[in-house]
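Visitor: According to Swiss-Prot:
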BINDING   Cys72, Cys75, Cys118, Cys121  Zn(2+) 1 binding site
BINDING   Glu78, Cys80, Glu115  Zn(2+) 3 binding site
BINDING   Cys83, Cys86, Cys107, Cys110  Zn(2+) 2 binding site
ZN_FING   62-133  zinc finger
Amino acid sequence: MANSLCFFSSPPTFCFQSPSKNPKPSHFFSTNDNTSSLVQKRELLQTSRSQSFEVKAANNNPQGTKPNSLVCANCEGEGCVACSQCKGGGVNLIDHFNGQFKAGALCWLCRGKKEVLCGDCNGAGFIGGFLSTFDE
């Protein structure tokens, strides 16, 4: 079966077929050629397929989750977020608490794990999770 790509614009309209059959563009509807018959044009119309694309999703919600979703918008259902002190690096960036936790040592908050529990869902990954006090 030959694949074809057709352009419908002001006359003449061209149809490009796959290289296996005919690599040259052929007239789909000829403007000044009276030798082609209506049967040939109808056959070409019936064998060619057109595809249309339809947008099914749009980026209306900047947080990335549905507005009525149970999934936590802060952690996106993971239950943990990047550590706010080390920015996900696992080590202290500066000295903390009068030098008790030195820069370059394991992070004092996440202890080198690079992630901490989400504060919005308490690590559950969904709104109304474990020990949550948020009610609507």
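Each Cβ is built from the backbone N, Cα and C atoms, and glycine gets one as well.
Keep in mind that what you see is a predicted model, and the values were worked out from it rather than measured.
Could you give the neighbours, burial and distances for every feature on this list?
Guide: All protein chains shown were included, and the count of other CB atoms within 10 Å of the CB of Cys75 (Zn(2+) 1 binding site) stands at 21.
Under the three-state DSSP scheme, Cys80 (Zn(2+) 3 binding site) falls in the strand class. All protein chains considered, the CB of Cys80 (Zn(2+) 3 binding site) has 16 other CB atoms within 10 Å.
In the shown protein chains, 21 other C-beta atoms lie within 10 A of the C-beta of Cys110 (Zn(2+) 2 binding site).
Note on the zinc finger (62-133): its mean pLDDT in the predicted model is 79.
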Visitor: Rank the binding-site residues Cys72, Cys86 by how many other Cβ atoms lie within 10 Å of each Cβ and give me the one with the fewest.
Guide: Cys86
Visitor: Which residue counts does DSSP yield for the zinc finger (62-133) in the helix, strand and coil classes, in that order?
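Guide: Each residue of the zinc finger (62-133) counted once, the result is 0 helix, 12 strand, 60 coil.
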Visitor: Rounded to a whole number, how many Å is the Cα of Cys83 (Zn(2+) 2 binding site) away from the Cα of Glu115 (Zn(2+) 3 binding site)?
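Guide: About 5 Å separates the two Cα atoms.
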